[in-house]
């Protein structure tokens, strides 16, 4: 019975020991349950079976099989103590290993969370930097757009100033041509006045010779007339010289103004070229900045892709805590927001690049337009230079035509004088012998002989003048027509003998049409002059068919002699008093001085009633030229 009591006591001791060890087991179990966090796992052995090592309060631990078959000694306490201590140590080791693993996992997760927080902070800083850079780029783009708009306005202003200067140059060229025409007219007038002075001197010599022979006649009257004529011619020459000097001064002033305009245009062109160079440099800088922005955007996209890849990487198998998942979701949202902002910035950059492309295309179009305008201006200058030569030739033709009209008027006047001499001869033959002086003097016979000699001399002089004039006119007309036909351009095509009423076609400019019309006028004038000279020669060879001095002049020279007929009518109206005086003197004195007096009276009347080029306004031959230019 003693062993039984010992066993009972041992069982009670074991129970007490189990009760003593049970709080540790309970505390370890509660720790394990708290660490797992409701995962539903229980402590198990390596085989997966639940362990029965945990002691139960009030129950003894089972003994091994060896002790179950053998009878233990009552004094052997190791049988009761060793199995319990070994099971407690193994359970403690098994409980400590998952706690350490969970602590390591928690440490790694805290490190990852700190790293993610650092990356979030760096991304926020990068975002702020990118926003600041984008704002600066927007400001720079706005400033560049303002500068481009200002440059476009300046280019438009320069274009308007260039147009104004071109119009001013055109008007200056027109005024220069008019002044040149007027100077040529004045030079012709000077030449004619010098010729008239020579004729007057020659007539004075003739009058002096006649006065030596017969000083009883109209010497005092002729001397007074000659003195008046000389004084008037000298005054006219002085006035013409003064007018020529004024015209030369005006031409110099106009040339100086033209040079000033040319210098201004050159300076403005240089300024415009400098501005265009600056624009090209700014465009190059914009391209470089655009490339830099594209590289920056690519780098940001790469960084975003890396962050997305990092976020897309799978997490470790251990389940994260609730707080880390919330933070990760916030991080993902922030990353998505940053990605959206970056995409918006990329779109803005693309829009800015498109605007820059449009502005570059506009600048290229403006440069092309400016180059086309410069080419057109050069072509116009070349055309004007080409057209200036035929216009000068046509002006020379017109001046020569005017001088030819004057020569024809002189020839007509000489013919009228011949008719008057013939009338005086016939009247002298019909006079009775009572009116003749005493016989033996030989006055009338000598007068008749002188008249016949003067008539023959006048006819020879007229024929020589006609032949020389016709030859000269034919040569000049052939030369001018050959020049007009052989010159390049459209002026030779329109130089038809149909007249000068040509207008500029759709492919020609105003100046080309004017030159073509002027060429047609010159050719038509040459044809009309050749016909008129043929008829004039026929009339000169048949003096019987000439009209009387009082009758109006026949219109035989065509449309080209209309201005000459008008001038002749004014001159014949003014010559009548001088002719009356000469007839009175011829009835009293020698009739040989009658043509000289008529010539002097005609010169005086011509000076009292000036013809072409006497006024400062446009000459009369230009009135047919100006309306065509105004078309």
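Quick reminder: no glycine exception, Cβ is built from N, Cα and C everywhere.
Keep in mind the model is a prediction, meaning the values are calculated, not measured.
So that you can see what the record holds, here are the features copied from Swiss-Prot:
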{"type": "COILED", "residues": "110-468", "note": "coiled coil"}
{"type": "COMPBIAS", "residues": "1-20", "note": "compositional bias 'Basic and acidic residues'"}
{"type": "COMPBIAS", "residues": "78-92", "note": "compositional bias 'Low complexity'"}
{"type": "COMPBIAS", "residues": "93-103", "note": "compositional bias 'Polar residues'"}
{"type": "COMPBIAS", "residues": "128-152", "note": "compositional bias 'Basic and acidic residues'"}
{"type": "COMPBIAS", "residues": "497-510", "note": "compositional bias 'Gly residues'"}
{"type": "REGION", "residues": "1-103", "note": "region 'Disordered'"}
{"type": "REGION", "residues": "127-154", "note": "region 'Disordered'"}
{"type": "REGION", "residues": "426-447", "note": "region 'Disordered'"}
{"type": "REGION", "residues": "488-520", "note": "region 'Disordered'"}
{"type": "REGION", "residues": "519-631", "note": "region 'Golgi-targeting domain'"}
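Below 8 angstroms of C-beta separation, residues 275, 279, 282, 286, 289, 293, 296, 300, 338, 341-342, 345, 348-349, 352, 355, 359, 363, 366 of the same chain, each at least six residues beyond the ends of the region 'Disordered' (127-154), sit close to that stretch. Along the coiled coil (110-468), the predicted structure has mean pLDDT 77. The residues of the compositional bias 'Basic and acidic residues' (128-152), classed with DSSP into helix (H, G, I), strand (E, B) and coil, number 25 helix, 0 strand, 0 coil.
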